[in-house]
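Taken from TrEMBL as is:
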- B:CYS332: active site, phosphocysteine intermediate (ACT_SITE)
- B:ASN269, B:ILE270, B:CYS332, B:SER333, B:ASP334, B:GLY335, B:TRP336, B:ASP337, B:ARG338: substrate binding site (BINDING)
- B:120-495: domain 'Myotubularin phosphatase' (DOMAIN)
- B:552-583: region 'Disordered' (REGION)
Amino acid sequence: MEFAELIKTPRVDGVVLHRPFLPLVEGTLCLTGHHLILSSRQDNTEELWLLHADIDFIEKRFVGSSGTIIVKCKDLRIIQLDIPGMEECLNIASSIEALSTLDSVSLMYPFFYRPMFEVIEDGWNLFLPEESFKDLESMTDEWRLSEVNRDFSICPSYPPLVVVPKDTDDDTLLKVASFRHGGRFPVLSYYHKKNGMVMMRAGQPLIGPNGRRCKEDEKLINATLRAGKRGYIIDTRATAVAQQAKARGGGFEQEANYPQWRRIHKTIERYSVLQDSLIKLVEACNDQSHSMDRWLSKLEASNWLSHIKEILTTACLAAQCIDREGATVLVHGTEGTDSTLQVTSLAQILLDPSCRTIRGFQALVEREWLQAGHPFQHRCAQSAYSSGKLHGEAPIFLLFLDCTWQILRQFPCSFEFNENFLVLLFEHAYATQFGTFLGNSAAERATLKLPQKTVSLWSWVNRPQEMEGFVNPLYEPNSLVIWPSVAPQSLQLWEGVFLRWNRSSKCLDEAYEEMVHIIEYNKELQKKVNSLRRQLAQLETEGSPLHTP
Amino acid sequence: MISVEQVRLLDRFSNKSTTGTLHLTATHLIFVESNSTSAQEIWILHHHIASVEKLSLTTSGCPLVIQCRNFRMVHFVVPRERDCHDVYSSLLRLLRPESYDELYAFSYNPKQNDRQREEGWQLIDLAAEFERMGVPCDQWQLTDVNRDYKVCETYPRDLYVPITASKPIIMGSSKFRSKGRFPVLTYFYQEKKAAVCRSSQPLSGFSARCLEDEHMLQAVSKANPNTRYIYVIDTRPKLNALANRAAGKGYENEDNYSNIRFQFVGIENIHVMRSSLQKLQEVVGTRALSVTDYLVGLENSGWLRHVKAIVDAAIFLTRAVTVEGASVLVHCSDGWDRTAQVCSLGSLLMDPYYRTIKGFMVLIEKDWISFGHKFADRCDQLDGDPKEVSPIFTQFLECVWQLTEQFPQAFQFSEWFLIQIHEHVHSCQFGNFLGNSQRQREELVKEKTHSLWAHLLSGQQNYLNPLYCPSYGYTNPVLEPSTLPCHFKFWRNMYHQFDRPMHPRQSILKQALTLKENNRELESIAQNLQAVSAIFHVISHVHQEDEDELVEGEEAREDIPVGSDGDRTVEGGSATENGYGELPLSCGSKPEPAMVSLEFGVARMTC
């Protein structure tokens, strides 16, 4: 298929662009296969360069012979284009609609994007499971790297290499896989160096209405327990939901068969509920009404902060079991690809200082989200302006980023990255020139040959000139486990994402700059004082022989 | 003095408790934790206690719940009921002093001599402040009509009025206004020669009019050469103003006053505000609060709606003055609550000076203290009418805080400054806020008490906003805040100032303050080092060295403080006494494990 077939009118003059808090721009609108471009005619500088993939929804309005297109983006921005001429407007609108909803992944921009920068460090090779297993091996010999899934046949959503208890052979894994949802047998998620405790994750056990059991499954997870110690199973579903799952072939670990485990149910909502929550929240944030009551009741009705609280609480619980109780933890929900990953990844941020560094956080996203099979492409196909029937879209990853932001706010000096880095990941999960977040699993990424055909987000972001904007100037490594408050009074709306386009950020940006300046100046002064001290010491030693009596 | 041992202090939001000894002194209730390693001490000033409740006896003892005006809530369990009763009844006696001389301010002695004390009182000079605004001038003059508080006993002695407002006009207008509070100048916007005036409501009833009062407003209008009309902002909801007419009060009839533009801005009265904050406190004091209950409670309390109404009114005032160049008269009923809020907040938006530490003190001194905000009644200093108590001033401080959140570089002070002022408005430790009016204060205060402003200025490095940009006021003299509801937030650091686990464990504010102080030190070290090396250079040029000189040089070098580690703690002057020190948490390069611990809010395991 040629993109040209979809572009009925490639170029319109006299288009007026409205953006919040920015002056109007009049210029020429151009459509390409992947971009909507508007440049002002005066100096021909680009004023807008928008990926079609970033467009969530468009609305058309007509007054007389001219039309207006309201473009709602996945990054929550809303812009307005006034287009002279009814026909042009209709053509542009239908082209945008077609180009922003292309079915085929291989037509997406990352496959066409050629980096304008030199790739120094290929992001595709940065976080290989073999490498991280070497780290693990240096701490413990109780685990092994299994290739049982090398052709993705046992578990389509798992990567080719997974970490499992050493004494569990691949045949056992095969049996356990048939007992777990989507073949997601329990694998190692995190090893807590401090006390040797571990966190595992899996899909729900398929006990079904008749209470099936699987001895191998019991044996596998029991192998991770210390003698005489109990473990905790954190089921991210409410008890009732987990009960109902039995009727559909799923379920939860029965006490009788897992006597050494204590099961805790938490209530993290499923994707359709969360998508609905996001839509309501963004609707509330875009409401220009001046009524305080209306704002608060809409914010409440969105339930967004309740979800944040629930997810954070569950992650704290998992971390508490590991660090405070000295217990092994197994986390699962239904599929084990959504709420499970929110909990396991957030728990690691609390427990493991290295996850709070930039590289460490990238590794965490790579390990606990991309490799772990979070279906990014399904979840992020539509954002807050989605309408009509949804196909598994949900802000699971955005909720994780929001929770991370909440922790970052409470420990502003303990993270190497700043808020902008989290916003960047949000943007690129939804629309991007990079291949990192394409596909739904390691298997799909392999089929699409992403490492060969696209550029990794990490290749770009890890270049020093880009990194500069994402470094937290206040960072001082904090080797401790951190315990955030989850009281509602301690949680806040993430303004950097949800009010980003509804506020003038000038004052806040300048304040941030000032903060950076204070810190830079401090470093400069330290340097100056040190070099003066050295100079002085030198002068002294040069002068001293003269004084030796 | 009573001391009770083995008292348990229950944590407000978790199941934790600590054991210690409770002491009751003439001025404070003190709890000293018995655990020797971390021996925490809590000092509660009797004046800070809003209520004491003795709950029914339990198996572990007799619970005593104390609610403080600075939003501290403590829950003790006293082992023996008799001891509990002793503490309870003593507190009840001490709680509500009947006369001013029982207040802490009259016994508080910070080891200052009389001269220092006097100087403290002279720090703020309102005459100088009006001069700074450009008053007196060709249109505005100082009047001595209230020299003996005869015309209006709740106004200050010195008042500024239009030059065309003669004494008979003033007297006439005064008789036509509630409590004699006739229109006077409170802020002069020099750039446009526009005035902000304040008064109480007119006694217009359904049809009464007063020519002198009409003249008075005309005089205000004439004093502004740029605009012919003036705005009259009635800060009450229209319904309240209408109801007042039935009582012979009310608002200006536009038909009788020439060239006025009348506007209601709908801020609720002291009773609504009191119950609003009460509701808010109930909600956020709930244990295991859900997000839904929190947000619904926040909405139902109406608190943020009220805060926004005040900010909205101040913005309306500011636009009228700075954009239209019009003069404005602001009033409510008596003109000492809502009027003070709107006038002072409006001035703060218009004039960068009020956004400095000193300027903010001046602002409070002018619009609140001198113009007779009834601090004694509103803050319940003496055993008075509970219906007169209302958090009007707290609300003003919160409005300022909301602005500091939107303009992080516009204010010289940080929220700690606001919280500290709030603390002392209720502490009765300083003379500034005692009594209900300037007149009352003159009789009471200056001879015997200390001024808060001196105390705050001496510790001002603790209240600095590290991000403050002094030139911000030049580039943005007038602040234009957003009034979208999403920009108004719950002020956790005020209402939960003693609930430490709810706060961020590391404070950016504190970190930045430390760094800035460190920068100043490094600058002077660098300077010293440069000076010393200059000496060395001189010496090495002169071949015949004098040993003494070199020794001097070495001494100078030893004087230089050894490198700073950027990890110094900045504490308030009286941290332990007032709990302010509990706000900032240490966050240096070597965090103590104690700081980061399993706290409330983190999930309890439930199966």
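Keep in mind that glycine also has a Cβ here, set from the backbone N, Cα and C atoms.
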- Message: Test of understanding: give the count of other CB atoms lying within 10 angstroms of the CB of B:CYS332 (active site, phosphocysteine intermediate).
- Response: 28
- What is the biggest Cα to Cα gap, in Å, among B:ASN269, B:ILE270, B:CYS332, B:SER333, B:ASP334, B:GLY335, B:TRP336, B:ASP337, B:ARG338, the residues listed as binding substrate? 12
- Spatial separation of the residue listed as 'active site, phosphocysteine intermediate' from B:ASN269 (substrate binding site) - C-alpha basis, Å: 9
- Query: Just the number: how many Å between the Cα atoms of B:CYS332 (active site, phosphocysteine intermediate) and B:ARG338 (substrate binding site)?
  - Reply: 6
- Query: Which chain neighbours of the substrate site, leaving out B:ASN269, B:ILE270, B:CYS332, B:SER333, B:ASP334, B:GLY335, B:TRP336, B:ASP337, B:ARG338, have a Cβ atom within 8 Å of the mean position of the site's Cβ atoms?
  - Reply: B:SER200, B:THR235, B:ARG236, B:THR339
- Message: What are the sequence-distant neighbours of B:ASP334 (substrate binding site), meaning same chain, six or more residues apart, C-beta distance under 8 angstroms?
- Response: B:SER178, B:LYS179, B:ARG181, B:SER200, B:GLN201
- Task: Name the secondary structure element type, per DSSP in three states, that contains B:TRP336 (substrate binding site).
- Result: coil
- When you measure from the Cβ of B:ARG338 (substrate binding site), which residues in the chain that are at least 6 apart have a Cβ under 8 Å away? B:THR235, B:ARG236, B:ILE267, B:ASN269, B:ILE310, B:ALA313, B:CYS332, B:ILE392
- B:TRP336 (substrate binding site): tally of other CB atoms within 10 A of its CB: 28
- State the three-class DSSP label for B:ASN269 (substrate binding site), counting H, G and I as helix, E and B as strand, and everything else as coil. coil
